[in-house]
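Inspection log for the structure reproduced underneath, given as structure tokens.
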Amino acid sequence: MGKEKTHVNVVVIGHVDSGKSTTTGHLIYKCGGIDKRTIEKFEKEAAELGKGSFKYAWVLDKLKAERERGITIDIALWKFETPKYNVTVIDAPGHRDFIKNMITGTSQADCAILIIAGGTGEFEAGISKDGQTREHALLAFTLGFRQLIVAINKMDTTKWSQDRYNEIVKEVSGFIKKIGFNPKSVPFVPISGWHGDNMLDESTNMPWFKGWNKETKAGSKTGKTLLEAIDAIEPPVRPSDKPLRLPLQDVYKIGGIGTVPVGRVETGTIKAGMVVNFAPAAVTTEVKSVEMHHETLTEGLPGDNVGFNVKNVSVKDIRRGNVCSDSKNDPAKESASFTAQVIILNHPGQISAGYAPVLDCHTAHIACKFSELIEKIDRRSGKKMEDSPKFVKSGDSAIVKMVPSKPMCVEAYTDYPPLGRFAVRDMRQTVAVGVIKAVEKVDKAGKVTKAAAKASKK
């Protein structure tokens, strides 16, 4: 069997008609988890519908349709393999949802693939002031993505033109550099997702393309195809090496056992014997046991939904939205206030200082006041537009200072991504999304249980 390949998540971004579905469909079709029977079924249907040419995008549309109808499609269909990695494609659907999903999304992608349509007029539409190309790239950077691959698609429609390719590379390098990416570390690949050029195999239609190269701290890498560029992603650092952060989903009282908090390990690990602290409750105690699906675990790892038994803590002391952390390793603390970059998605009026909507951040659901609008930012370049704006409205991006109305524990996105993204809810819809830049923490003496005091002395 050999050792299992490392898993990486990629998100595919780009303007609506850039050919994201076709390109993704092609990779999944050729290297992926779609079994032969499914493909034959699709091909037969395609032929009957006169789609004899069998578009890869159609595979993806079928998968999406089945997924939307609630037929739980084996998520393996969204996977494909490279020599080094098992790759999962995190779908980037319609624009509005995409921004929301990307920020509140549970899965964090390791790399973004930006697909750009090379056709005349198409590239210009995607990159124009209203196009989504810039905005998706800026969002990816704001959310902490540092690995990017740019695929210039539909090269067949440009008659495989080297000049057109170079023109696009120059333009895209310019705007991704403005955003903050280093173009030298970004592989650019000219492809045809439809015909398959430079997808898995080197194209014979573009003999002028000598290959992509990228320079990173780890050294420089080169290759010819999109698949090779994906295979050259820097291996992700999994969050099990970070200090523990476990936002509580619920707290149960179980007869004969005691208090059992439940939640998903976001970073770090949790094990029996650990002295943990709960923020903002400021309770410290010892973990007696950890279990998942009614089985005892030696340790809970990132992604695990665990229940753990704690000593001398009542159900009244801790609640959903509290964050459990290791008292000896960067313990979580209450947040007095925090600064965040927010993007206003849909708010009917103007938002000014004093606005106090509900924030959903990890499992916490707490009203927070926009206490100060610090600066307004251009969403497409990420540059500052004005200091201390009087108000912001739909479509704007701003840096704001926020003050929770009740004790809350959040973290900077760069330290603990799952605890540093939030959605702003008001009028029963998502009004804005944000990323936390910095947190002002409260030091307060809290309740230390006997069990914790004893365990600490060991």
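The backbone N, Cα and C atoms fix where each Cβ goes, and this holds for glycine too.
As written in Swiss-Prot, here are the features:
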type	residues	note
BINDING	14-21, 91-95, 153-156	GTP binding site
DOMAIN	5-240	domain 'tr-type G'
MOD_RES	G2	N,N,N-trimethylglycine
MOD_RES	K3	N6,N6-dimethyllysine
MOD_RES	K3	N6-methyllysine
MOD_RES	K30	N6-methyllysine
MOD_RES	K79	N6,N6,N6-trimethyllysine
MOD_RES	K316	N6-methyllysine
MOD_RES	K316	N6,N6-dimethyllysine
MOD_RES	K390	N6-methyllysine
REGION	14-21	region 'G1'
REGION	70-74	region 'G2'
REGION	91-94	region 'G3'
REGION	153-156	region 'G4'
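Location within the structure of each feature annotated in Swiss-Prot.
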residue : record                   : DSSP (3 states)
G14     : GTP binding site         : strand
K20     : GTP binding site         : helix
K30     : N6-methyllysine          : helix
K79     : N6,N6,N6-trimethyllysine : strand
M155    : GTP binding site         : helix
K316    : N6-methyllysine          : coil
K390    : N6-methyllysine          : coil
Positions on the same chain near the region 'G4' (153-156), where near means CB under 8 A and six or more residues out: 18-19, 22-23, 115-119, 122, 165, 190-195, 197, 203, 205-206
Cβ packing number for G14 (GTP binding site), 10 Å threshold: 25
Residue from G14, K20, M155 whose C-alpha is spatially nearest that of K30 (N6-methyllysine), among the binding-site residues: K20
K20 (GTP binding site) and K79 (N6,N6,N6-trimethyllysine), distance between Cα atoms, whole Å: 15
Cα-Cα distance linking D17 (GTP binding site) and K316 (N6-methyllysine), given in Å to the nearest integer: 53
Least Cβ-crowded entry, counting other Cβ within 10 Å, from the modified residues listed as K79, K316: K316
Cβ neighbour count within 10 Å of K30 (N6-methyllysine): 15
Among D17, K20, M155, K390, which are recorded positions, the residue with the most C-beta atoms within 10 angstroms of its C-beta: M155
Integer Å distance between the CA atoms belonging to K390 (N6-methyllysine) and G14 (GTP binding site): 33
Local confidence of the domain 'tr-type G' (5-240) - pLDDT mean: 79
Inter-residue C-alpha distance, K20 (GTP binding site) and K390 (N6-methyllysine) (nearest angstrom): 39
